[in-house]
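Peer 1: Below: one structure in structure tokens.
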Amino acid sequence: MKSVAGIVLAGGMSRRFGEPKALVSWQGYTFIERIVQVMQDVMQDIVVISHASIKERVAHLIEVPVIEDISFYKGEGPLAGIVSGMEHLEAEWYMISPCDTPNISSKWIKQITGQIDDEYEAIIPIVEGRKQPLLGAYHKNVKEKIYKLLDEEKRSMEQLLSHCNVKYVTGDEWNIEKTWFVNVNTKEEYAELLTCKKK
């Protein structure tokens, strides 16, 4: 079985939300606690990439390493967070999750990691017709491609995917719940989440 480590991205500024999303409460836990718990159902090695302003608070909530972006690429978006996690944890594959999808299911993570195949460099879900690169798995060899993009001041996940051999998987063939993929960017979306019954 391939070794898989988890990387949780909590380094954003949460400007639209108005406060750190990682620390927002839902169903008795903060978003970051919930996502780490879900990942721990599937894998042992997990690291959280945190913004410096909340690193200490996040570290008190969870029992996995909490680090910041590599200094040279600090604040350069999700690519910087992913490569920082790859440098911190040694694995063949890395499962990624942002901190603002608190209803993500361990069933879904198992389905994605179950698709891992060294013929590919990334396993990316497509949900309701949209690619979800921050809820995918990446091979360790992608690390050098991320460095190259960052050095060229290219930060988008789509640019990374365009340089990778990607296996796209659709949720249509599985029994998934749409609420698993609810992404919370605003207070309005948070209010909607609070009204959703957890599946």
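A Cβ is built for glycine as well, from the same backbone N, Cα and C atoms used for every other residue.
Below are the features I grabbed from Swiss-Prot:
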BINDING   LEU9, ALA10, GLY11, LYS21, ASP69, ASP100  GTP binding site
BINDING   ASP100  Mg(2+) binding site
Peer 1: Translate the DSSP assignment of ALA10 (GTP binding site) into the three-state scheme.
Peer 2: strand
Peer 1: Fewest other C-beta atoms within 10 angstroms of its own C-beta: which of the binding-site residues LEU9, ALA10 fits that?
Peer 2: LEU9
